[in-house]
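Okay, so here's the structure we're looking at.
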Amino acid sequence: MTEPIISFKDFSFQYHSQATPTLQNINVDIYPGEKVLVVGASGSGKSTFANCINGLIPFKTKGNVTGELHINNQDATVSCLHKRSNVVGTVLQDTDGQFIGLTAAEDMAFLLENNCVEQDDMKKNVSYWAEKVDMIEHLNHRPQDLSGGQKQRVSLGGILIHRTPILILDEPLANLDPATGHETLRLLNNIHEETKSTMIIVEHRLEESLDDTFDRVLLFKDGKIIANTTPSDLLKSSKLKEAGIREPLYCTALKYAEVDVESIDNLANLREVCMSEHVKFKVKKWIDKTSSNDDNKYKSEPLLELNEVCVQYSDYSNSVLNNVQLNVYRREMLSIVGHNGAGKSTLAKAICGFLDITGNIQFCNKGFNQLSISERSEFIGYVMQNPNHMISEKMIYDEVALGLRARGMKESDIKIRVENVLKICGLYAFRNWPIAALSYGQKKRVTIASVLVLNPEIIILDEPTAGQDFYHYNEIMSFLIELNRQGKTIIMITHDMHLLSEYSSRTVVLSKGQVVADTTPVLVLNDKKICEIASLRQTSLFEMAEYIGISEPQKLIQLFINHDRKVRRQ
């Protein structure tokens, strides 16, 4: 019988800063060549599990270890980080924490340089993998000029060069646009098939990541593995709901259509599922009997107006934003989508005054260009994509209170507002914690809280749901909906097709610095050309409609959106 390449036996780990173990009594074997998906809510222990395998725990991050862990038949606790890196390659969730070089090419070549590889061979290797991860045109760019998704692809290329027998990817889709994420998963699957490496992917976005190419899924909750099973069996169980993880949209749609999902053999393969005549009949019957009128219209009063706005970085030949014309309406929830590097984050920074622009921005029919960043912050709050770019304080409470203190508010009033927002964002229990002890997703919630507490009229959130499990996703989005009902205008820059379809009244699509679409979410997701231009990926609902033979997929998509909203309101 094949020996496991990774073996946990009665394994527990507790950080020195925590009162209870983050991992509790883990017993699992992973065998050579397996492709395993690790799933769990934010703070469930899945990243800690991965870090125990790659050696960051205990060689960099200290804590109390009990039980046994063997990697490649070696006791994992007596090795060292350098030796472990020859066996385990890791793409971290926080891309800034992994970027070393001054350019993308230099970063990808880091390992080769340390191994004294000849320059000609080094260039060939870097070019080969840069082509694979679609970064060949960005090799000479500095890290600060790359989007979060582009940085992640650079890190992926640098790890793939090493060809380690074990490859770990921690939230690989977190900063990628949907189409690029899909291509990344396809690339990883091809690499897995070609190299027969052991691949562990840590992810909670099952809509994009889960399929029947995975041998197993490990589901974490509160530091324990509550499911160790096949993708199909996991989807048939109630374990995902128990762990606060959202199932793929098509599974939810099947249940709304009263399909008996437990009777489906391979539920993780959508194409096979839709070949069933029973499934086709049930879904079409659901569409025919249910009204799908869109009841979510945005207001017609402009609040923010952008006229021919352009932004150009000094070392880019082309404009990052090119003659952008855009109205943002009072009390709407607007989503802005597009491929990595399309200009989405640049647009937000231009509105907030972080970048010099040409063109004109008006707020409430008054000139906005001449206002300083501080003056604009009275009206507009901005939550950046990377939480590490925003955090200034060491403690959670102090970080959320920072803006209020800068405005001279009384400490007693600050306490009330900060604690209220911390409760809403699921952070109240951690209010006295150091920020360094938080996961990436928890840090993201801290930055959202630090802006929400200031109560601006417009809130811009760059990837608000990145790194969030379904429970905290719903908590944050429910709070944003409530703010919207109170009169706040919400702008969400996102790759999340769930968020786009479920919470947006309008969607603006950017591509190469230009607005290429400005319409409803359903029409965006139903337009193959727009999805291709903007590197969007149509959801599993659209794929379901095509497989079943529904001539107007937008009917199924709109029906699902309306029905799901009603269910969530109950």
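Cβ atoms here come from the backbone N, Cα and C positions, even for glycine.
Given the structure is predicted, the values throughout are model-derived calculations rather than measurements.
Per Swiss-Prot, the features are as follows:
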BINDING   Gly40, Ala41, Ser42, Gly43, Ser44, Gly45, Lys46, Ser47  ATP 1 binding site
BINDING   Gly338, His339, Asn340, Gly341, Ala342, Gly343, Lys344, Ser345  ATP 2 binding site
DOMAIN    6-247  domain 'ABC transporter 1'
DOMAIN    304-537  domain 'ABC transporter 2'
Cα-to-Cα gap, Ser345 (ATP 2 binding site) vs Ala41 (ATP 1 binding site), nearest whole Å: 27
Other CB atoms within 10 A, centred on Ser345 (ATP 2 binding site): 23
Ala41, Ala342 as binding-site residues, winner by CB count within 10 A: Ala342
Mean predicted confidence [pLDDT] for the domain 'ABC transporter 2' (304-537): 89
In three-state DSSP terms, the structure that Gly40 (ATP 1 binding site) belongs to: strand
Minimum Cα separation from Lys344 (ATP 2 binding site), reported as the residue among binding-site residues Ser42, Gly43, Ser44, Ser47 that achieves it: Ser42
Spatial separation of Ala342 (ATP 2 binding site) from Ala41 (ATP 1 binding site) - C-alpha basis, Å: 30
Cβ neighbour count within 10 Å of Ser47 (ATP 1 binding site): 26
